[in-house]
Amino acid sequence: MSDYKHTLNLPKTGFPMRGNLAKREPERLAGWYQTDLYGRLRRERAGKPRFVLHDGPPYANGDIHIGHAVNKILKDIIIKARSMDGYDVPYVPGWDCHGLPIELMVEKKRGKAGAKVSPRAFRDACREFAASQVDGQREDFKRLGVLGDWDNPYLTMDYRTEADILRALGRIIQRGHVTRGFKPVHWCADCGSALAEAEVEYEEKTSPAIDVRFAVLEPEELDRRAGLGGEAAAAGRVAIPIWTTTPWTLPANQAVALHPELEYVVVAFDDELLVLAAELVESAMARYEVDDYRVVGRCDGAVLEGLRLAHPFLEREVPVILGGHVTTDGGTGAVHTAPGHGQDDYVVGQQYDLPTDNPVDGNGVFLPDTPFFAGQHVFKANPKVVDLLAERGALLHHEPYRHSYPHCWRHKTPILFRATPQWFISLDKAGMREHAMAAIKGVSWHPEWGQARIESMVNGRPDWCISRQRNWGVPIALFVDKRSGEPHPESERLIEAVARRVEEAGVDAWFELDPAELLGADAERYEKVTDILDVWFDSGVTHATVLERRDELQVPADLYLEGSDQHRGWFQSSLLTSVGVRETAPYKGVLTHGFTVDEKGHKMSKSRGNVVAPQKVMDTLGADILRLWVASSDYSAEMAVSDGILKRTADAYRRMRNTARFLLANLNGFEPAEHAVAPPDMLPLDRWAVDRAYLLQQQVREAYERYEFHRIYQMVHNFCVVDLGGFYLDVIKDRQYTTKPDSLARRSCQTALWHVAEGLVRWLAPIISFTAEEIWEHLPGERSDSVLLETWYEGLFPLDDSDPFGRAFWDDVLAVRAGVNRELEQLRNDKVIGASLQAEVQLFCPPELKAKLDRLGDELRFVLITSEARVEDLERAPVESVEVPGENGQGFRLFAAASQHPKCTRCWHHRPDVGHHADHPELCGRCVSNVDGEGETRHYA
């Protein structure tokens, strides 16, 4: 037997089968930074339209987790895709560097500021710690393949940024949005500080739920108002009961609130009268285990306004007041009101000029002058409050109650609502809420439900407490009058003076400032504010401190992209401060992604053992697998990740890599400038392949523009596996391997492969950037050193509508091929044939389909990958033929059988002319021509 292997054009490439990503990616990464790829890309796009994605700063504490990886990869995909669109896309990463978590880490090592270490040294240690965390996170983000200005990130602790945060505060003060007040705020006793809304998490908690009698001091007045005819005056006891799950707040009670428009009834039982909301009588009396009662009077809540009640255990009268916040969701329809311990209570208390009493210290302990409970922690005092109520005869009912309660995000402990002197951004004083609601409507929200979510949050939120009683942060650099508490009338000028000093020396410039340096003789009248700003203010004003400041950026940014929890966090703090500065949103578009969960939908946690660390994935599978998983996930919902899911992603990656390798291997010996065939001269099947890529590129680009990356993954994967792997690449192997090296048949095919590869490498580049770079290096022809410097490939072209071998033609051929393959599979299962080339097929077709298939002539067999394929009229179909159904009358009948002809050892086709040539007795006539003659001519496939 002769060996004809040397006569075949076998595939050959240096592109390895295995990605070995964990080893190769760091090497490629080093190359990117040695050649300043990001800088070159910026220079390449200079002067082009700009697209600005503003990076929401992660917190500079701890290793990056899978959520960080998702966020940064999504941003990087968008930036690289927009760059492919031809935009100038600067990416300036940032970090949030102030705040409590860093303070707590430093406290563990150095002790508390002002105790074991000076405040200055403490802040220095915080700065040093934050810088070390930034360095660690930066390397991991770079390792993910995220391209950006990593040498010049923005840090909220940079001196200039700290100064600009102050300037932004000054602008917001100037517009009248900042107020000072003694108001209830979320307070963590463990932190010793107020908390922002975004720092509050809701967890299940069991609390004592109690119904408490507030005795009516003037029963005759109740008789008169409710028309009771003396029932109240005659009763032994008359009360309005409240229901609460926070007994510890009762010492601060100042009133009982009713809804003005609700109907209330007076219920009589035994020798007692109770006033209850009509809708809640049944549930309340069931709670009190009273079956035998009667309704003796009715009135609206408004009628009872001003009725005097007795505090259940303090020597204090409290009034009945009216509030729209009272509901009938539960309880009694009467709400215990402590303005020092709740936002609704505070608001209604202001209307009635009630005292805002707060008997609780910052550590959660009752103040020394608190009757009955002095020195006790509020939560530990709950049982004692209940006992005292029972002792005084004020307790109607008591039971444990499981409910959702706010907890500190850091300590995971229940928080307090506690009135303290704080600085606030007022939502309504100067129209901020109104302007914010208007600005929201001008933003493009992805997904669309994001708009309704942030609208409801902004519409319902209280004023924003921006002050914190901590050490590590940007100071609220105000001087306030010692007597009135009012800010200095020249605060705007003074803030700028402080900002200039902070720009030189950091926040210590304020903390160590002698007021006389700026105020002169006025220093005696004023004192420095020692509070610092909420870190959400720091990150919220990056539209002013970063976007406005850096020449390559702009405000509004085109896109903010973060997790869906940021509707109540960064998206909102950015919106409010931007409205406070310039009355517009800081972003044109907002994109949110869901959280990561495991395969079963469970939240990631160390205790469950289901945490997927991005560092481990990169060190084993490679960053491109992580990037492909992100792209393949529908990030608008929760994103499931596990070792099993990543393994399946790696399998999909291998299929795409193998497709790329096949393309590259079959471009061996092809130089586009020399060998590329003009579109009109290409074989119809090759033009079809380019057309498929052309159509796909349109869809891919549209999906990138709509941020639908999972669709890109599905489409490109499907193209590789079905269009290419399942059809085109299978069909062209014969032509590619067996025809003459420089024949039109082969060069046409290589031209198609080249066009497809040029498109594919760019579609993949934003997603699996490392692999795309590797493909790029192995493509033939002159090219830049990085695919990331490129724009979308413009060499793809569509099929002409008038082409007899147009899209409709190939759709029908593919349908025929699918029907033939099903029958061949049956023959294979029946052990009649092995490979499809062992088969011969006869197709009996209706006239229209026959006319189409006849266009391919003898080359139909190459499309079907059978040794023979004949097309005949449907009427001639033998009874043993099989019906193959089709759409629109395109069904046909098929007869398939094993070929009886000998096999050509070179092309493996079974042909009647094998052995007809004395010099090549093992070859078919076609192969003889390709080896020794002029070579075969292909017209179609």
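For all residues, glycine too, the Cβ spot is worked out from N, Cα and C.
Annotated range for motif ''HIGH' region' in Swiss-Prot, selecting from 58-68, 399-409, 795-805, 850-860: 58-68. Motif ''KMSKS' region' is the annotation Swiss-Prot gives to one range among 218-222, 223-227, 603-607, and that range is 603-607. Of all the binding-site residues listed (E562, C904), E562 has the fewest other CB atoms within 10 A of its CB. Residue environment of C907 (Zn(2+) binding site) contains 23 other Cβ atoms, counted within 10 Å of its Cβ in all protein chains. Look at C927 (Zn(2+) binding site): DSSP puts it in a helix. The average pLDDT for the motif ''KMSKS' region' (603-607) in the predicted structure is 80. For the pair formed by C924 (Zn(2+) binding site) and E562 (L-isoleucyl-5'-AMP binding site), distance between Cα atoms is given as 64 Å, rounded to the nearest Å. Each residue contributes its Cα atom, and for C904 (Zn(2+) binding site) and E562 (L-isoleucyl-5'-AMP binding site) those atoms are 61 Å apart. Here the CA atom of K606 (ATP binding site) lies 58 Å from the CA atom of C907 (Zn(2+) binding site). Between the CA atoms of K606 (ATP binding site) and C927 (Zn(2+) binding site) there is a gap of 64 Å, rounded to the nearest whole number. A Cβ within 8 Å of the Cβ centre of C904, C907, C924, C927, the residues given for Zn(2+), is found for these other residues of the same chain: T738, T905, R906, W908, H909, R911, V914, L923, G925, R926, V928. Look at E562 (L-isoleucyl-5'-AMP binding site): DSSP puts it in a strand.
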